[in-house]
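Below is one structure, written out as structure tokens; comments come after it.
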Amino acid sequence: MSAFGKIVVIMAVVVLAISLDKACDGDPDMLQDVCVADLTNSLTVNGYFCKKNFSEIDFSSMVIAKAGATNNTFGSIVTGANVMKVPGLNTLGVSMARIDYAPGGINPPHTHPRATEMIFVLEGELDVGFITTSNVLITKHIVKGEVFAFPRGLVHFQQNNGDVPAAVVAGFNSQLPGTQSIATTLFASSPSVPDSVLTKTFQVGTKQIQKIKSRLAPKK
């Protein structure tokens, strides 16, 4: 192969590598300085249309400044600081959240289909973990000041096994990472997943499935 031919091949490999790397990124790259989300526009796109007029308010929020109420079924609450709360995040590919846990509270197994997550422990201690696609559990006890990362798309959880409340701040490489809770997805969807699917999947009877569904059903 000639020198020119080798250069062409090398350039092609480099371009392919860059393309594959971008394909594995979070949100698409921005094409302008800012694109503040117009949350009032009824038209839908992959993201949001840009507002014509914006201000500093669109880039700021106090939404995660205070602890959220944890008096619920799981003893935890997630408060998002994403594009829905901070419109200026549109096209920036980042967002945050605050998660508060009562003693014994859990952020149950869930996934974020569009983002990797990293948490920083503000208060308390947590037992956290994620499960790989090879069904390997990676788990750790983390304390105040510690960080822990959950790879994009993998099932993960956090639990406060302590006697005092705990809280973390989470960062995501997506303006709207999405959350799919395993339990509520399977047992509280609308319309509901057929009992026959769940009994076969979990190798239990219909009564057990219906009991779980009743406990996870949205409060009326």
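Every residue number used here counts from 1 along the chain in the order it is shown.
Every residue, even glycine, has its Cβ placed from backbone N, Cα and C.
Some features that TrEMBL has for this protein:
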type	residues	note
SIGNAL	1-26	signal peptide
DISULFID	C35-C50	disulfide bond
DOMAIN	61-210	domain 'Cupin type-1'
BINDING	N107, H112, E117	oxalate binding site
BINDING	H110, H112, E117, H156	Mn(2+) binding site
| note | Taking only the CA atoms, the spacing between E117 (oxalate binding site) and C35 (disulfide bond), expressed in whole angstrom, is 24
| task | Report the residues of the chain - excluding N107, H112, E117 - with C-beta within 8 Å of the mean position of the site's C-beta atoms, for the recorded oxalate site, in sequence order. | result | V78, A97, H110, T111, I119, F150, H156, A170, F172, P177, T179
| field | Among C35, C50, the one of these disulfide-bonded residues whose Cβ has the fewest neighbouring Cβ atoms within 10 Å | value | C50
| message | Looking at the binding-site residues listed here (N107, H110, H112, H156), whose Cα lies nearest to that of C35 (disulfide bond)? | response | H112
| If one measures from the C-alpha of H110 (Mn(2+) binding site) to the C-alpha of C50 (disulfide bond), what distance in angstrom results, rounded to a whole number? | 31
| note | Quick note, H156 (Mn(2+) binding site): same-chain residues at least 6 apart with CB under 8 Å of its CB -> P109, H110, T111, E117, V128, G129, F130, I131, F150
| said: Whole-number answer please: how many Å between the C-alpha atoms of H112 (oxalate binding site) and C50 (disulfide bond)? | reply: 25
| remark: Rounding to whole Å, the Cα atoms of N107 (oxalate binding site) and C50 (disulfide bond) are apart by 34
| field | Site of maximum Cβ density within 10 Å, from binding-site residues H110, H112 | value | H112
